[in-house]
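Per TrEMBL, the feature transmembrane segment maps to 31-51, 63-87, 99-121, 141-162, 174-194, 214-236, 248-272, 292-322, 343-362, 374-393, 414-438, 458-481.
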Amino acid sequence: MLKKYNCIDIETRGIERILSEERTDCKTINIAMMWFGANIIIPSFASGILGPALFKLSLYESFVTIIFGTLLGIIPVAAIACFGPASGLRTMVYSRYSWGYYGASIMSIFSIIVALGWAAISSITGAQTLRVVFNDSIPMAVGIVIISIISMIVSFVGYKWLHIYERYSWIPVFIAYCILAGVGATYFTSSTMVSINATTLNNSSRRRAQISRILSFGATCFSISSSWCTCAADYNTYFSEDTSQLKIFFFTYIGNFLPMALLQLLGAAAYTGTYTNQDWNQAYEMNSVGGLLGASLLSLGVFGKFLLLLFALSTIGCNILNIYSLSLSGQVVGPIFKRIPRFLYTVVGTIIYILLAIVAANKFNDSLTSLLSLTSYWSVIFVVIVVEEHLLFRRYSFKNYNFDIWNNRKSLSIGIAAILSGLVGAVGTALGMTQTWFTGSIAKAIAGDSGEQGADVGLELGFVFTAVSFPLFRSVELYFFQK
């Protein structure tokens, strides 16, 4: 039915492999431009705020943690992006060669959950900003619905128009953030708000508390930068098979690192304005991130409102990628789900994340931190297995794959090794994780008597446990099943 409207080139294609003769992309620099559009958004700015606001770090500590966490977190995204042109397969379909047919189905469910969570968070920040634009006359729920519906409409058009939108949408938003930095810099400060507990701790406990907070915020920074790894190949499948892997990696890395790092640094700096300006502090308390953005631009009057509207609409760039990949992941779950048209996944997914956003809006910082941490926990396990399969068992060569069997469950890897290794990685994650609802024993041990709940080392332990166990399990699997 949608083909009747081919005048705007609506994409109806699902998870089928993109064959060589169907590849139309050639300008690899557009990869970076697309990622700029996806990442110059309010959630990137909001993630930087968490350093001083939630983890009570100084501006210097926040800056260093953001830079190193982001530098490391984007590596898996850029690595996964390289698999798209080589295979012509979307990320979750490609994972069948390491996770197996049914293991990839499980990973697709996790991918759907993460996409819904990110879309919800993005819609919340957009709605907060819309409220400020219209002087709090719009209820939060209405703002969420407005952002979500616009995102849904844009996401219908598919791969080609998605790339065009992302390629140019970031430019005015980036200029707006530059203006915000210039206007608000007067109130930025390097001073730190010291918590009451910190003044009662001895030097050893204070150092433990500081290390715990830095590790936990570092995990958060890694999380936001690595969150795209479960769908990074989705947007490169129309590039030729002989496209330079180095160029794909480089432009994906730059397209993610620059916008994420810059906006997180700006977010951390902007929050320190709440220490020096009571109006900023009140605005943040009332409307969270949107309130802080509004207070920063208040002196610009109507023009400031226009910039806020740009910020609010920028969240669409994040949402359309998440919903686009959600519709693809949904079709990977199982044969019956492959028959469902992608646009139905888009509609149902939008309804679900609207409801999630309305519920999570009241505790935004906690919701954002929990989502980021859970994203990194499972995505690290996912990426380690996909990359180790490629490096160790496919000998770093795409010639050792048969991409024609992408939908043949009998010919694909069994996936037992990946699933078992994933469970082992989950154990490591549980031992090191720190969340409001659970803290692992190793995380508690690192925090010690510092007064902190724990030091979040869940992703590090998940990485090690998975990286060590998968080669062992996979070797046994190959010995018995030869595939």
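Glycine is no exception: its Cβ is also placed from the backbone N, Cα and C atoms.
Predicted automatically and left uncurated, TrEMBL annotations should be read as such.
These figures come from a predicted structure and were not determined experimentally.
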Whether the transmembrane segment (99-121) meets the transmembrane segment (343-362): three or more C-beta pairs under 8 angstroms: yes
Highest-contact recorded stretch vs the transmembrane segment (458-481), from 31-51, 174-194, 214-236, 414-438, CB pairs under 8 Å: 414-438
Close approaches to the transmembrane segment (214-236) from elsewhere in its chain (Cβ under 8 angstroms; 6 or more beyond its ends): 25, 31, 34-35, 38, 43-44, 47, 50-51, 54-55, 57, 61-62, 65-66, 68-70, 72-74, 76-85, 87, 89-92, 94, 107, 110-111, 114-115, 118, 159, 162-163, 248, 252, 256-257, 260, 264, 321-322, 324-325, 328-329, 369, 372-373, 375-376, 379-380, 382-383, 434, 446, 454-459
Dominant neighbour of the transmembrane segment (374-393) in 31-51, 63-87, 174-194, by Cβ pairs under 8 Å: 63-87
Spatial neighbours of the transmembrane segment (414-438) far in sequence, C-beta under 8 Å, 6+ residues away: 96, 98-104, 106, 216, 366, 370, 373, 377, 380-382, 384-385, 389, 447, 453-466, 469-470, 473-474, 476-477, 481, 483
Best-contacting stretch, by C-beta pairs under 8 Å, relative to the transmembrane segment (343-362) and drawn from 31-51, 63-87, 141-162, 174-194, 248-272: 141-162
Other parts of the chain folded back onto the transmembrane segment (174-194), taken as Cβ under 8 Å at six or more residues beyond its ends: 36, 40, 45, 52, 56-60, 259, 262-263, 266, 269-270, 272-273, 275-277, 280, 293, 296-297, 299-300, 307, 310-311
